[in-house]
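Heads up, the thing below is written out as structure tokens.
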């Protein structure tokens, strides 16, 4: 499944996302490239990407360049490593497609599942609960997707949220694998579907932003913020954590892996709180400036 997702990524970027981006007027033009210089390149790759004043003075004497010119070189060199708008559009396009597809698949599957309407059904007859083919494919696809995100973090341009996303992917992969091995797939499907509910809205906002549709971007981001906060700070703790912490304890009692399972779920809740704070802060600034 991981290989299939990687193939889907490559083909969707090449045959779907890129033509869409070009039709929307998004050009494959990167930032201004820095002038080739072996000495500065060595400093940039081996020592520092943002030299301090003392090092700038030393480089200025060594190269007989003005300090401002060296600062400009380092700024251009840092910028040329950033992905182009076209690259970011293609990345968001395939993520949007996957999140949207898997969310509707999950909703369609769970709509007829008894534990979707009564979470206590997650623990009846545990662990002797059948694993249907639809449930199996849902789980395997989600696991393969998060593994692909984990691997791509090390090959893509390093972003500001690298550490928090790394922790998120580790916790998610751990939860999916652990719940599958312990046949806790019923409650696992609820967690997965709940997390997919807002992700495709964020990717839609990014797509609108890259295409310079500002009002559409603002609308998608505000909708994403509302759905994210309602699902992650409302439904998740009062619906998911309630059944894993209290209903499971009541129906099947404490078990050896109960602490690990709920510990990972609580880590996700902590990340939800951090992200909700960032979303609210961004939305507040957007209201002041008039745009996201």
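A Cβ is built for glycine as well, from the same backbone N, Cα and C atoms used for every other residue.
The DNA-binding region feature in TrEMBL is assigned to 42-85. Within the DNA-binding region (42-85), the DSSP-based counts of helix, strand and coil residues read 31 helix, 0 strand, 13 coil.
Marked as domain 'Homeobox' by TrEMBL: 40-84.
Residues or ranges marked as domain 'TLC' in TrEMBL: 87-288.
Among the features that TrEMBL reports, transmembrane segment is placed at 96-116 (among others).
What TrEMBL lists as transmembrane segment is 136-155 (among others).
Annotated transmembrane segment per TrEMBL: 162-181 (among others), in sequence order.
The transmembrane segment annotation in TrEMBL covers 220-239 (among others). Tertiary neighbourhood of the transmembrane segment (220-239): same-chain residues 119, 190-191, 194-195, 197-198, 201-202, 204-205, 208, 268-269, 272-273, 275-276, 279-280, 282-283, 286, 292, selected by CB-CB distance under 8 Å and a gap of 6+ residues from either end.
Sequence-distant contacts of the transmembrane segment (259-280) (same chain, at least 6 residues past either end, Cβ-Cβ under 8 Å): 164, 167-168, 171-172, 174-175, 178-179, 182, 184, 191, 224-225, 228-229, 232-233, 236-237, 240-241, 244-245. Feature annotation from TrEMBL assigns transmembrane segment to 259-280 (among others).
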Non-local residues, at least 6 beyond the ends, that sit with Cβ under 8 Å of the transmembrane segment (162-181): 139, 142-143, 146-147, 149-150, 153, 187-188, 191-192, 195, 257, 260-261, 264-265, 267-268, 271, 274
Same-chain residue ranges lying at least 6 outside the transmembrane segment (96-116) that approach it to Cβ under 8 Å: 5, 8, 12, 122, 134-135, 138, 141-142, 145, 186-187, 189-190, 192-193, 196-197, 199-200, 203-204, 207
